[in-house]
Amino acid sequence: MSDVERTEFEIPGGIPPRRNGGQGRAADTNVDANLKPDEYDAEVTLRPKSLTEFIGQPKVRDQLSLVLTGAKNRGVVPDHVLLSGPPGLGKTTMAMIIAQELGTSLRMTSGPALERAGDLAAMLSNLMEGDVLFIDEIHRIARPAEEMLYMAMEDFRIDVIVGKGPGATSIPLEIPPFTLVGATTRSGMLTGPLRDRFGFTAQMEFYDVPDLTKVVKRTAKILDVGIDNDAAVEIASRSRGTPRIANRLLRRVRDFAEVHADGHITMGAANAALIVFDVDEVGLDRLDRAVLDALIRGHGGGPVGVNTLAVAVGEEPGTVEEVCEPYLVRAGMIARTGRGRVATAAAWRHLGLEPPEGTIGDY
C-alpha cells in the first residue's frame, strides 16, 4: 500500500500531540481570517474574476448583478456600494469583480491611509469617468477625509483649500462620476452620514461546508493539486466558514502531501496535516484551545474578563477579542455576559471534561 493510500503517516519526530493549553501568537495561527503580508500574491492568483465565477454569497451576487446590469443599460455609473462582513469572505474580491464587470479601472486604498483630506483629494483627482474606487476598512477613515468624501459621493465635486489661516481660499474641483466601493468589518463604526450615501449595502455571510468545499476544489485545480472529495470536505469543515482560511489550510495540506506522500491529497493526508498544523476537527487552533483551557481549568468556566484571559494565554487583549473570541462565540463555546466570558457546555466537552450542572447550553 502506498503512502498516499494510508490514513496514518510516519513523520520525522512524530506528530505533535494536541494540547488543550499553551500559548499561541496571532501571527502564527493558521485560522486567523486576516490577510497575512506574504499571502497577497497567492490570493491574487486565486481570486475569481466574475460574479458567475464567484462561489457562495448568492444573495449578494444576485443583487449586485441587478445593480450593475441596470446601471450599464442606462449608461450611468452604479450607486456606491458598501460591503460589510468579517475578514476573509471576499469583500476585496467583490470590489475587483465590480470593476471587471463594468470594464473600468479599479483604484485601491484603505481607511487608515486617508489621514488628511489632501490624501483623498489626490486620489479623487486622478479618477477617470466610471472608475471604481475601493476603500478597505472604510470605518477607519479620518474625519477630515470622510467629510470631503460626502461631497464627492453625492455631488461628484470637492472643495480644495488653498493656503492657511485667514488667507485660505476654497477652490471647487469637479471630479468624474465614479463608484465608491467601501469595505468594513465593523459597520456599526460607520457614521450615519457616510452610511446613508451608499446606494447599495450588502452583508457578506459566513460560508457553509458545501460552498467551502467548492472553494477548496477550485483552488486545488488552480494550484494543480489532486484532491479527493472527502479530503476537500474535511478541509472545508475546519475553515471557520471562511474562504481565506480554507485556501490557507489547503496550501499547508498540499505542503504535507508533497513531502510525505506523492502530492495527491487524500483524507489521511488532510487529517495528518491538520494535526501537524494544530487545527482540530471544529477549526480551533492552539490559541483557541488555550483560551478555553484558561477559562475552564484556570477559572472554573468563568465569568472572566478578556484582559484576564489575555494574560493567561500570553496574548494581547485585542488578539483574544478580535481573532479568537468571534469564532468561539459563533461555535457556541463561549458566551458573553455582563460580568465577562463564560464557557458553555460545548467548550467543556471539547476539552474532554464534563460540564458542571447549570452550565450554559447543558440540556
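A Cβ is built for glycine as well, from the same backbone N, Cα and C atoms used for every other residue.
The feature ATP binding site is assigned by Swiss-Prot to LEU46, ARG47, GLY88, LYS91, THR92, THR93, GLU154, ASP155, PHE156, ARG197, TYR207, ARG244, with sequence analysis given as support. When secondary structure is read from DSSP and collapsed to three states, GLY88 (ATP binding site) falls in the coil class.
For THR92 (ATP binding site), the Cβ neighbour count at a 10 Å cut-off comes to 19, with all displayed protein chains included. Summarising the annotation, Swiss-Prot assigns Mg(2+) binding site to THR92 and lists sequence analysis as the type of evidence.
Secondary structure from DSSP puts ARG341 (DNA binding site) in a beta strand. Taken from Swiss-Prot, the feature DNA binding site applies to ARG336, ARG341, supported by sequence analysis.
Here Swiss-Prot flags 1-32 as region 'Disordered'.
The feature region 'Large ATPase domain (RuvB-L)' is assigned by Swiss-Prot to 27-207, with sequence analysis given as support.
Sequence annotations record features per position, and here Swiss-Prot assigns region 'Small ATPAse domain (RuvB-S)' to 208-278 based on sequence analysis.
The region 'Head domain (RuvB-H)' annotation in Swiss-Prot covers 281-363.
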Sparsest-packed of the listed binding-site residues (PHE156, TYR207) - C-beta count within 10 angstroms: PHE156
Residue, out of the binding-site residues ARG336, ARG341, whose Cβ gathers the largest set of other Cβ atoms within 10 Å: ARG341
Inter-residue C-alpha distance, GLY88 (ATP binding site) and ARG336 (DNA binding site) (nearest angstrom): 24
Mean predicted confidence [pLDDT] for the region 'Head domain (RuvB-H)' (281-363): 84
Cα-to-Cα gap, ARG341 (DNA binding site) vs TYR207 (ATP binding site), nearest whole Å: 26
Whole-number Å value for how far TYR207 (ATP binding site) lies from ARG336 (DNA binding site) (Cα to Cα): 24
